[in-house]
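Beneath this line is the structure, given in structure tokens, with notes to follow.
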């Protein structure tokens, strides 16, 4: 476009603007519906790179609506457009403002852009609507509400690509028809249509004269053909204020209402809103009177509206006019009319006119009375009353009441102290009744003067906050003159630890409450001094009403507290009595700890306080600390050449899962009526108590036996550690077993370990220190258990009986329960032994006696749920231990049973090897099955053992401080003496029929056997363990009996040397290494 054409275009636009301003006839609207903030925006399709369609005025006015409508949004107040196309660079994709683009498509700060400017891009950059801002036409419609009357100048700062703006009805859209199709007017307020192959100037404007309070239709149409899109919109108000981009508070939308007849206001300058109201009133005239009154009101949209009120007065009937005369104090006659509504006898309401004539009263009918009041000036009022004269006629009397300020005697002045720094005066009015029964107003003037310095008290208190807090509390104290006085207490709270604050209340002879803070230093159990704050509150009381009492308590410091009680004296009057309670720390012996099992999953600690009366007759508080620990399963382990099997059993009644030997299955089906004995054993820092608890933790004991072999499994309390074994056996190895269980309340999962104690065995003395006291109590009973027998992967269950022994051990406040099942056997053993522990290196003397005898017990045998009772002999084992003068007695009953176990046999192939040459033979074998449960997973272990012909018997006995076991295997004899720290375990042992068929398996035991007499040193770690012996057939062992004899001879020599001097020990070690 040339410069000449450009100038002509601007002149035309200016001329059109002047015409609009001069005419002042822009059409406005007054929609009656509910207005909504913002404008509605409709989106229409526009072809990419179409640079001709948007240059058509008809298209920009209404032709766009023929295109595909893409959607719409509402409530938009920020109506400017500023869209930037994306730039895809090596550093990422970012919107690039048009003013930052350069060269052959590059963007400042991002470098060269690899994408094209001439393609369509989708985004929600236009009013949140997902479309292609690069090529689109949109229409904005709404109502502009001018806040002032005057000229409004709208402006497009720049246009890219084409836009128009129209203001006014019949130009933008018709009133109350915002959502209708666009009208065909091309009389644009701002014409920003881009000419064909040309450009537009900046800052295109259009001016409209608008009247405040009217709604003017506003429409903006914008088209973009490619790439960037720009349309900043602003308006300048008559007062010079400019609104840019955000038009909130200026643009609104209304729903269409085509039926509203008065929606369009063609010329607001001559528009007036008026209403006519007609009212009818009765009057005393004889004709109808009509009058008109004009008022101006403001309507809801802020417009002034003229209101015409037509008043019609009609004559009332004579009977509805009432005239009344009243005297008054004026000097002239006053007439007034009052209108009331009365209901006649016909039930119809009728207007009644009351004419009130007030005439001046005669001087004699006027009464004047004077009353005092609390005001500061004289008040005069008139009251009208009616009196009846001597002639019986009523007469109006006027009473003039003059209220004068009250005399000085009715004014009371009181002075009160207060904590302010200036004098405060206030007036309070009260009503009192005089002797004449009449109420009288009394004025009380209260003067508050600053109190003297002595009435302000400052106290410091500790608190648990992290900063210093200052507050003021007002209290009232009564002095000796009986007058109340305000006292100000300034409380300063300083941070301190929570546990070091003590508050005590003390009576005193003063007349007010005194609060003070005392700081003392106490030394804690760690030896460190700590500041303690004691808040002392002293309350007034008579000297004789103070009582002090001292009580013991379990704290580590002295506590003083004050308790207030009310007593009634002989005069019947209540009196406050102050009781000062001083609690002093009790001795350590008044704190008792007890441990109880419970079914919870955690350890619970609670404290119970009881009061006991000592020998001096004084009550003393005793603190009982109750520790409840959960009962859990006890783990037992079986060590063998094939590894370790761990099983755990927890049940409300004992369950035995036997590990069968390779040569048979043991089934016990009898029960023993329980008898119990209570004993005690003192050991290091442990308290042992025993009781039968069916729901407590149980330990599963493995049982091994043959059909012709019986076993005795005593329950014992013994020691293990370094042990000396004297063995006479023809076997090539030894066997040992014990039961290991964890303390369920121990903080670790290791085996229980106790400090060493002194024990004595034959031919050996050992010295060690004794720990603090431990007590053991054991009780026994019988129960029915389920025995599972398996063959060829088929298992059956049967009911059997066993003796149940339960013991509890308390170490450092942690209690462990041990349960033992003692099977009923046929072995009879009667033997007594004695052991003596001598005092060495200052340790205490201990004497251990073990006796075994037989007695008769009642046995219940059950089969197919039918039980019978028989009398049977039983072995009674008794052990006593004396440590520090405390004796522990442990008794075990094991019945002598005649029950034989049932076995199952099958044919197996036996491979025998000698000197590297192996041969296979077929032999009958006993099949047994063992089960192990780990984490609720059950594993079945079958064992096949070729049958043997030898028989053996086993007898064992228990010793509290020592353990001595005698094993009969043909001509073999085994004696074991054990010295170690005290360990609690249940011992179960059986022997097989073969003298060469015993295999020892213990992770911490080294044993050497010989054919003759062999001295074997066994070293065992401090533990509580469980071992179950297993047998191995002679045919499965490598080597001949000759070789075994030769090795045993070396072993015998080595063991003999071990008991000699140091040189002998060295030689013995070489011999053992050769073996």
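Numbering starts at 1 and runs along the chain as it is shown here.
Note that Cβ sites are derived from N, Cα and C of the backbone, with glycine treated the same way.
Per Swiss-Prot, signal peptide is recorded for 1-24. The feature domain 'PA14' is assigned by Swiss-Prot to 74-249. Per Swiss-Prot, N-linked glycosylation site is recorded for 135, 187, 203, 262, 663, 749, and the stated evidence type is sequence analysis. Look at Swiss-Prot and you will find 197-240 tagged as region 'Sugar recognition'. Summarising the annotation, Swiss-Prot assigns repeat '1-1' to 278-322. What Swiss-Prot lists as region 'Disordered' is 322-349, 366-394, 456-484, 546-574, 702-781, 948-980, 1016-1038. What Swiss-Prot lists as repeat '1-2' is 323-367. The repeat '1-3' annotation in Swiss-Prot covers 368-412, and the record cites experimental evidence as its basis. Among the features that Swiss-Prot reports, repeat '1-4' is placed at 413-457, with the record citing experimental evidence. Per Swiss-Prot, the feature repeat '1-5' maps to 458-502. Under the heading repeat '1-6', Swiss-Prot lists 503-547. Swiss-Prot lists 548-592 with the feature repeat '1-7'. Residues or ranges marked as repeat '1-8' in Swiss-Prot: 593-637. Summarising the annotation, Swiss-Prot assigns repeat '2-1' to 667-686. Positions annotated as region '2 X 20 AA approximate tandem repeats, Ser-rich' by Swiss-Prot: 667-706. Under the heading compositional bias 'Polar residues', Swiss-Prot lists 763-781, 948-958, 1027-1038. What Swiss-Prot lists as repeat '3-1' is 775-825. Sequence annotations record features per position, and here Swiss-Prot assigns region '3 X 51 AA approximate repeats, Ser/Thr-rich' to 775-948. What Swiss-Prot lists as repeat '3-2' is 847-897. The repeat '3-3' annotation in Swiss-Prot covers 898-948 and rests on experimental evidence.
All features noted in Swiss-Prot, drawn onto the structure.
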residue	record	DSSP (3 states)
135	N-linked glycosylation site	coil
187	N-linked glycosylation site	coil
203	N-linked glycosylation site	coil
262	N-linked glycosylation site	coil
Proximal residue to residue 187 (N-linked glycosylation site) among glycosylation sites 135, 203, 262 (C-alpha distance): 203
Cβ atoms near residue 203 (N-linked glycosylation site) (within 10 Å, other residues, all chains): 10
Other CB atoms, at most 10 A from the CB of residue 262 (N-linked glycosylation site): 12
Cβ-based isolation winner (fewest other Cβ atoms within 10 Å) among the glycosylation sites 135, 187: 187
Spatial neighbours of the repeat '1-7' (548-592) far in sequence, C-beta under 8 Å, 6+ residues away: 502-507, 522, 524-525, 534, 537, 539, 541-542, 609, 620-625
Distance from residue 262 (N-linked glycosylation site) back to residue 135 (N-linked glycosylation site), taken between C-alpha atoms, in Å: 40
Nearest-integer angstrom distance between the alpha carbons (Cα) of residue 203 (N-linked glycosylation site) and residue 262 (N-linked glycosylation site): 37
Long-range environment of the repeat '1-3' (368-412) - Cβ separation under 8 angstroms, sequence gap at least 6: 326-329, 361, 427, 429, 440-445
Residues of the repeat '1-2' (323-367) by DSSP state, where helix covers H, G and I: 3 helix, 30 strand, 12 coil
